[in-house]
Amino acid sequence: MSKTHLTEQKFSDFALHPAVIEALEKKGFHNCTPIQALALPLTLEGRDVAGQAQTGTGKTMAFLTSTFHYLLSHPAIADRQVNQPRALIMAPTRELAVQIHADAEPLAQATGLKLGLAYGGDGYDKQLKVLESGVDILIGTTGRLIDYAKQNHINLGAIQVVVLDEADRMYDLGFIKDIRWLFRRMPPATQRLNMLFSATLSYRVRELAFEQMNNAEYVEVEPEQKTGHRIKEELFYPSNEEKMRLLQTLLEEEWPDRAIVFANTKHRCEDIWGHLAADGHRVGLLTGDVAQKKRLRILEEFTRGDLDILVATDVAARGLHIPAVTHVFNYDLPDDCEDYVHRIGRTGRAGASGHSISLACEEYALNLPAIETYIGHSIPVSKYNPDALMTDLPKPLRLTRARPGNGPRRNGPPRNRRRSG
């Protein structure tokens with residue numbers, strides 16, 4: 001893999017449909033990332049692809065470009081009905097489905113192909129109204145897709161392109177039976193273009209590719225190191241009593257443009273949110289207990305820059321592409337080594353640099369040896385002066401008194417406490 005994020009390969013070098021090239025160039029996409037440069041020559045020949053790549057390497061645009069080109073270059077199945085989409089893109093989470101849909105919209109506007117979105121939690125009738133008007137490309141989560149299929153709101157008999165994104169995550173979340181249910185209602189694999197992407201091409205993912213794809217070509221983009229060479233990693237050893245004050249002091253010193261703070265439990269996340277919101281930070285909370293509409297709103301606010309900090313459990317650690325995240329704080333070291341990689345992979349994306357700061361407290365420091373073995377290197381340790389930690393901190397807010405994402409807006413350093421570093 002090249003040390004630069006982009007390759008010398010240009011999208012315009014491929015025999016892509018002119019409308020697709022126009023849409024890509026309008027969005028500023030000229031050169032391919034490594035996964036795009038490997039996958040597109042195969043998909044443009046109509047060959048199935050199973051791809052392994054880190055998140056943030058451009059795999060979404062790889063399968064969207066392939067999907068739009070294929071549909072524009074091949075006629076729809078004869079006698080296709082209005083409830084029959086031509087392409088199906090399956091994602092493990094609602095947030096990822098929404099994100100893929102947003103990434104696809106510029107291509108849809110340029111090509112005239114219609115998009116549909118289907119995910120659980122809310123919006124059943126709103127989503128259905130779009131489907132009833134007919135869509136070419138349907139993006140969704142498996143549960144809602146099956147619901148619509150059982151009600152005959154959609155029929156998969158005219159599918160020409162299938163994409164399975166975050167396949168390993170599908171297994172982790174127990175969706176594999178749903179995936180197979182949907183595949184059984186499509187035309188045979190030999191009559192479709194099939195694409196699968198995954199952070200890892202494990203045995204079970206390869207088994208799925210063998211089962212549901214047509215002699216898939218495997219393409220892999222291995223990072224130079226699991227954590228990405230553009231991410232500065234840093235580790236502190238705080239006591240449990242000093243942990244929160246250290247986090248707040250680091251936030252004052254670093255003053256990140258956009259940061260995600262990860263913790264291992266929803267209760268810990270709620271506690272962190274309460275401390276940061278009370279201290280005047282523009283902070284949002286993202287856990288499994290947050291209602292779907294609110295989760296999407298918080299993600300939109302964070303992406304727009306209306307929120308500076310997102311406190312999250314690992315529900316947000318995979319699949320979400322939030323641009324320009326400058327810092328990731330591991331308030332708790334994760335129990336799963338892979339979660340460490342996925343967490344800090346929120347920063348340092350698409351060629352940008354990033355900063356990851358981890359707190360190895362008394363409770364979770366035991367997780368560190370396994371993490372360092374997994375990533376293949378020791379995380380550099382930094383020391384702090386306990387006497388220099390912030391002390392004039394307000395009482396934390398409680399969720400019953402304030403809603404996540406609605407903390408006081410931060411127009412400058414709270415009470416002029418910005419540190420010189």
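Cβ atoms here come from the backbone N, Cα and C positions, even for glycine.
Per Swiss-Prot, motif 'Q motif' is recorded for 9-37. For the motif 'Q motif' (9-37), the mean pLDDT of the prediction comes to 94.
Feature annotation from Swiss-Prot assigns domain 'Helicase ATP-binding' to 40-219.
Under DSSP, Gly58 (ATP binding site) is assigned to coil, being neither helix nor strand in the three-state scheme. The ATP binding site feature in Swiss-Prot is assigned to Ala53, Gln54, Thr55, Gly56, Thr57, Gly58, Lys59, Thr60.
Annotation source Swiss-Prot lists motif 'DEAD box' at 165-168. The helix, strand and coil residue counts that DSSP assigns across the motif 'DEAD box' (165-168) are 2 helix, 0 strand, 2 coil.
Annotation comment: Swiss-Prot describes 245-390 as domain 'Helicase C-terminal', evidence class sequence analysis.
Marked as region 'Disordered' by Swiss-Prot: 396-421.
Under the heading compositional bias 'Low complexity', Swiss-Prot lists 403-414.
Outside the motif 'DEAD box' (165-168) by six or more residues, the chain places 59-60, 63, 89-93, 96, 100, 196-200, 202, 205, 208, 318-319 with a CB less than 8 A from a CB of the stretch.
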